[in-house]
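Here's the structure, in structure tokens; my notes come after.
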Amino acid sequence: MAKPKAARRTLDSYTVKHINKTVRAGDCVLMRPSDSGKPSYVAKIERIEADSRGSNVKVHVRWYYRPEESIGGRRQFHGSKEVFLSDHHDVQSADTIEAKCTVHTFKSYTKLDAVGNDDFFCRFEYNSSTGAFNPDRVAVYCKCEMPYNPDDLMVQCEGCSDWFHPACIDMNAEEAKRLDHFFCEGCSSEGQKKLQNSHTASKHPDTKVDTKRRRR
């Protein structure tokens, strides 16, 4: 006769001793990969369970996929710290947790003054079976019509407010950083007239340059 399955109980929190951090449902964590040559896995804890003695602690997680782990692979607009919230659920030993991390919304990530090793961002949900993304469309920018990559430097046209990669407007990064004003091809004629009619244009440069996030 088979032994009855040991009762398990849900924990409100659990302190991972080897990192001295307390985790709870809803926290995002880095987890030890099966291959030591790969980066840590990123996961969101959904539930924490232990046996009746409070040991053998398991975490129910929902995995975040890195772009290179998706069916389509990494693309040019994917940020280095970008992850996708997948539909892949799993149960892992709490001992495989390596650190706590933060998965920001795309908007909040772009506003960070500095990006740490434990900072990531997510703007897509990912179906691991079909390779489909939600949302399936996002805003595109520049002449290349690519979604925004927060790692890339871009300059904003003062006429249409669109953003452009320096390379797409025949410019290098250093030249872009030195710009006082920028008007794209479609706005350049009207833009030059505005500058000529402005007596303070040279004194108050207002070109917006979005530079790469600084790393801690």
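Keep in mind that glycine also has a Cβ here, set from the backbone N, Cα and C atoms.
The annotation domain 'BAH' is assigned in TrEMBL to 21-137.
If you look up TrEMBL, you'll see 139-190 marked as domain 'PHD-type'.
Look at TrEMBL and you will find 192-216 tagged as region 'Disordered'.
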For the domain 'BAH' (21-137), give the DSSP counts of helix residues, strand residues and coil residues.
11 helix, 57 strand, 49 coil
Helix, strand and coil residues within the domain 'PHD-type' (139-190) as assigned by DSSP:
12 helix, 9 strand, 31 coil
